[in-house]
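Record features, source TrEMBL:
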type	residues	note
DOMAIN	16-277	domain 'SMP-30/Gluconolactonase/LRE-like region'
BINDING	E18, N165, D218	divalent metal cation binding site
BINDING	N113, D132	substrate binding site
ACT_SITE	D218	active site, proton donor/acceptor
Amino acid sequence: MAGAIVEQLPIPCLYLGEGPLWQPDLEALLVVDVFGKAVRRHFVRTGRHQVLHIDDGGEAKTVTMVIPVEGSPDSYLLTVGNRICVVRWRTQDPDEHTVRPRVVKDTRDSHFNDAKCDPRGRLWVGTTGPQDEAGEITQMFAGALYRLDHDLTFNKCVDKVSCSNGLTWSPDRKTFYYIDSEAFSVDSFDYDDVTGNISNRRTVLDYSTACLGGAIPDGMTSDVDGNLWIANFRGSQVICVDPVKGRVTRQVDLPSKNVTSVCWGGPDYATLYVTSGKMRLNLEDLERCPAAGGTFAITGLGTRGAPATAFRSAVDLAADFE
């Protein structure tokens with residue numbers, strides 16, 4: 001796309017990078033190393049790079065989300081397998097550091113996937129059906145989308161989900177957008193900002209009719225104009241969608257086939273940070289695409305996003321930390 005500048009960040013290429021999140025107070029980008037069971041924190045201005053390894057005794061295979069806890073600067077929510085956990089991670093910790101997570105909530109579903117906090121700080125987090133060793137879903141419609149409220153009440157909001165993925169809200173807080181990747185569509189719901197309830201599901205963009213080939217909708221964010229920015233797994237691009245017209249308006253190509261997620265960041269939130277993965281790529285693919293699994297910064301888009309919301313808990317999640 002004319003005007004857009006794509007830069008690869010000095011973060012190791014990951015088998016599956018996910019869940020980017022900008023921390024303005026630290027001028028740092030958080031990235032989840034899903035199968036490495038770690039979270040990476042890249043300080044953009046200084047170049048420092050911290051890695052937090054998660055030791056849960058080998059019970060889970062994945063870490064898929066990291067979200068700060070409001071009012072507790074060193075506390076973060078993580079999804080570890082099928083559990084929502086809390087950890088402490090400080091900037092003064094060693095650049096390679098390992099912690100044992102403390103469980104907040106769990107589910108009987110296979111495992112958690114993408115997650116984000118709504119404008120009021122409630123956590124929305126989805127699950128997927130069981131997967132084989134290659135990461136392919138083996139049981140459709142076995143996942144769900146949940147909401148974790150301030151008092152840690154856990155609510156199922158959408159059921160019969162195959163692969164819960166991207167989620168974001170409109171700037172006016174009236175619409176919730178959601179992706180079940182295996183449905184190959186972007187959907188919207190009416191959203192009640194006070195209660196967190198959603199209703200009236202409809203399709204915003206159908207990937208088959210939008211001629212997006214074999215691309216799979218993955219992570220998603222919105223800009224201040226209400227447009228959606230969507231990462232395309234098995235597609236080397238991020239697309240911008242006008243949700244009112246239901247059509248793709250822009251596309252930015254990236255040097256990685258499996259583009260996984262997006263977030264806005266930088267001092268003015270005009271940089272779109274993008275994660276990707278090497279997952280399901282063979283040696284020939286990797287030779288052709290050495291940047292696969294990289295983390296990228298896109299500038300020059302002519303728009304910007306809003307700061308991410310931290311989790312607002314009515315319970316002191318850090319009470320048991322030393």
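Glycine is no exception: its Cβ is also placed from the backbone N, Cα and C atoms.
On the structure: features taken from TrEMBL.
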residue : record                             : contacts (Cβ under 8 Å, 6+ apart)
E18     : divalent metal cation binding site : V31, V32, V34, T64, M65, D114, G219, T260, S261, T275, G277
N113    : substrate binding site             : T64, T79, V125, G126, T127, T128, G143, C163, S164, N165
D132    : substrate binding site             : T138
D218    : divalent metal cation binding site : D114, N165, G166, I179, S181, I230, A231, N232, F233, V259, T260, S261
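Within 8 Å of the Cβ centroid of the divalent metal cation site, not counting the listed residues E18, N165, D218, the chain contributes N113, D114, G166, I179, S181, G219, A231, F233, T260, S261. Every protein chain shown contributes to the tally, and the Cβ of N165 (divalent metal cation binding site) ends up with 29 other Cβ atoms within 10 Å.
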